[in-house]
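K.L.:
Below are the features I grabbed from TrEMBL:
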COMPBIAS  14-29  compositional bias 'Low complexity'
COMPBIAS  893-908  compositional bias 'Basic and acidic residues'
COMPBIAS  945-961  compositional bias 'Acidic residues'
DOMAIN    123-196  domain 'Chitin synthase N-terminal'
REGION    1-39  region 'Disordered'
REGION    871-908  region 'Disordered'
REGION    925-961  region 'Disordered'
TRANSMEM  521-540  transmembrane segment
TRANSMEM  552-575  transmembrane segment
TRANSMEM  605-627  transmembrane segment
TRANSMEM  639-663  transmembrane segment
TRANSMEM  683-709  transmembrane segment
TRANSMEM  721-739  transmembrane segment
TRANSMEM  817-836  transmembrane segment
Amino acid sequence: MGTPRPYSAHSPQESRSSFYSQPSQSPTPTYGRDDAEDQQQTLLRRSLASHNDWSYDDPNVSTDSLRRYTLHDPGITAFAPPYPESEAADVHSARMSEYSGIEMDAWQRRQGVKPSALRRYGTRKINLVQGSVLSVDYPVPSAIQNAIQAEYRDAEEAFHEEFTHMRYTAATCDPDEFTLRNGYNLRPAMYNRHTELLIAITYYNEDKVLTARTLHGVMQNVRDIVNLKKSEFWNKGGPAWQKIVVCLVFDGIEPCDKNTLDVLATIGVYQDGVMKKDVDGRETVAHIFEYTTQLSVTATQQLVRPQPNDPRNLPPVQMIFCLKQKNSKKINSHRWLFNAFSRILNPEICILLDAGTKPGSKSLLALWEAFYNDKTLGGACGEIHAMLGKGWRNVLNPLVAAQNFEYKISNILDKPLESAFGYVSVLPGAFSAYRYRAIMGRPLEQYFHGDHTLSKRLGKKGIEGMNIFKKNMFLAEDRILCFELVAKAGFKWHLTYVKASKGETDVPEAAPEFISQRRRWLNGSFAASLYAIMHFGRIYKSGHSLVRMFFLHIQMIYNCCQLIMTWFSLASYWLTSSVIMDLVGTPSSHNKYKAWPFGNDASPIVNFFVKYGYLLVLMLQFVLALGNRPKGTKFAYTMSFLWFSLVQFYVLILSFYLVANAFMGGMMDFNFDQGVGHFLSSFFSSSGGGIVLIALVSTYGIYIVASILYMDPWHILTSSWAYFLGMTTSINILMVYAFCNWHDVSWGTKGSDKADALPSAQTKKADGSKSNFIEEVDKPQADIDSQFEATVKRALAPYQEPKDDSTISMDDSYRNFRTNLVLLWILSNLLVSLLITSDGIRKMCLTKAPDNGKDRSISPVIPLSMAIAPTHGPVSNGDRTRCDQRPTQGLARAEKARSVEGEPHENIPRAIYNHQAVDEASVAGSDGWFKLEEGQGMSGTQDGVDTEADGDDSQDGGEER
């Protein structure tokens, strides 16, 4: 066997001052300190030594793995280290910016064997459980082993390998088949521990900062539970930390951020180079890692480790890390959680978190206490608020501020009301909890119908056999689980909202991401709400009391009304804005008040442009939603948000002016002097002032009052401005886009499902033995430690946000051109129509009507439209009468063509007579086009040649036909 590379050539005295020494001999830095450089120096001050200096007597190199396994002849199998010899120094000194660009390639290189740099290691035989399940213990780096405090490591009930070895299991089965009978097991069950709390973190492609924020927040909450002194429950039957399990479920190798894996490797729950792509040709479905750690990494890339006699030390946390080989969406991740891991661990409470959501202090304890104190509680959620950044600087972004206000109002008005009824319509998957035995059975069965991996097994009941309505319903899968839980036959489970439990989550900061997220939310919630209403009859099969049933009926009626209002919200916003502009901006003869705010002349013109601009931009939303992606039309959507916000701002000013005048004796004066009857009559009069007042108070007023009563008014000061200005955008942009993309039932997840970089595991069978085994490299602890040093450097390197690729794809450019062409075509034709037909033209002085009302002139646009119209339709040149190009004098002579009854002549359109601003006219005859000129008949002249319509001769008396 080749000489192993040493980890360190430093003296034992110097080694004891480093992170790789025993905790009792370590320096005591402050907890969670911000000095990143000092943290990295503590971890990484060592340098690689030469190969000849390596010795088993090095105090920092554990020889446990060498004694634990039998070393075979190196000639049996030759293995290479994850890095070639020539690349080791480069890897240790690589800058983070360079690593970020090639992180995927570097990660793939660490998983395989480089034939260019073979080194000979010893091998060990690993027997497969029941001949088919590969489950292996791998030594963790010495730094991680030594970080465990002696009080836990040397305890009587402690299991030695729990802190010294990470367990890896290659699950080659469906989650439903991950059972003890099939040879699969988990460490907490192997150690006969009762799991009270299972905390699950679902992950897709979040960066290491978001993941570390969530994971560190969870570990701090575990510490809050373990440090309880007066709790009888947690202090009975063994240490409290043994009753808590943290499970991370990553949805696919391909979308996973490889820097996040380095963070997990730093705390000991993951290692490079141990995963197997398949076992004897059976593809690995999930890679499962297990380890109990006391280490954590903060969102600022600071390593937190135990210190002697420090009450702020993190307790040991049992961790299960499930890395799915393929991206199969969030419902499948929950199927691994509930049908695989929970079936073995049998937890009492399951808490669900999304990567990026940070639980607040003692938030998880508050959720658990709600279940502990209410035995019929089936599910609960806490308060989610937007991540506002340092000094709340994120509220300067209107999208973030509006979402923060929306979250706050939902937690103040919606959630407490629904909690009082016993049915919270949605427990957000980003921060919620369920009693495991409450969701077992039909709730989970219906919930997992949305799993794509079950489509073949379920057939027509699966996601592929569903209609488009049901597919959209599973975009809001958490709503389905809530309804099924409350309606579970024979039980009286209810849902609640726990205000004391708070969670902070990241929200979209740009328009395209915000629109895409809300598309899934709006379509899913709309379909799920209809599902709950249509299946409300199943509530009668539950075990709820009569009082609970009464309130559930009230809530059902409330949900129906809300659904109807949502359906007609597009018209409601337009009508509200239009009516308010007409009330304030249009002068009327009966009240003798001037138009406001621009006066009698300008206000109607401004309102005209605002109204039609509103409709035009609304029409633009349909064109964009049906033909473009939000990411490909950032500018158009950003301008749309800005326009609707300006319109809303204008309408708000008019609304408050209207209400102020109503109380100050203005145009909408309320009658306070003649009793209640006259006051109500004036309040609800046709002027509309009272209705507007009710609308304002029921929306903006209740937000302010409820927030003050809830003792949480700060969002009113910091975020209400963005929400109030953006209220119209939630309907005119978000809902239009959502409904126009009802056919899109994707989660926005994509990427290759290949795992070609992983090696395969081929079993062998010894002579005379029935058990199968595989041969695997037995890597010395020194090499494990040296490779861990590079991992820590990558994990603790400052995070660099990836640069947004603003390049528009060719497909998006084609879509944009098509959209612009269609808009230009529609707007140009619409402009022509408006110039001819709209009454607002008179107000904008594009046409004029003299005071005498006799000599009326016509806009030059009308002859243009009439010149264009004959070019369409099957009219031959011989049948078309040419038009006289000379200007006409009016309709004085044409009026003589009226019949005795006063009706216009059959060949003269009625619109010409009724138009109030017409001075010139071009009239279409039955057989051709002609013009009327004072003193002329129905014939015109063209180049000095008289032309007449076929068959149209002048009548006696000089009257024209």
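Cβ coordinates are placed from backbone N, Cα and C, and glycine is handled just like the others.
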K.L.:
Tell me the residue counts in helix, strand and coil for the domain 'Chitin synthase N-terminal' (123-196), as DSSP assigns them.
P.N.:
22 helix, 20 strand, 32 coil
K.L.:
With a cut-off of 8 Å between Cβ atoms, can you find at least three pairs linking the transmembrane segment (605-627) to the transmembrane segment (721-739)? Only pairs 6 or more residues apart in sequence count.
P.N.:
yes
K.L.:
For the transmembrane segment (721-739), give me same-chain residues lying six or more residues beyond its boundaries with a C-beta closer than 8 angstroms to one of its C-beta atoms, as numbers and ranges.
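P.N.:
Distal contacts: 395, 398-402, 405-406, 409, 515, 518-519, 522-523, 526, 566, 569-570, 573, 577, 617-618, 621-622, 624-625, 630, 637, 640-641, 644-645, 647-649, 652, 700.
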K.L.:
Sequence-remote contacts (6 or more beyond its ends) of the transmembrane segment (552-575), Cβ cut-off under 8 Å?
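P.N.:
Result: 418, 421-423, 425, 486, 526, 529-530, 532-533, 536, 539, 544, 614-615, 618, 727-728, 731-732, 735-736.
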K.L.:
Over the span of the domain 'Chitin synthase N-terminal' (123-196), how high is the average pLDDT in this prediction?
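P.N.:
For the domain 'Chitin synthase N-terminal' (123-196), the model's average pLDDT rounds to 93.
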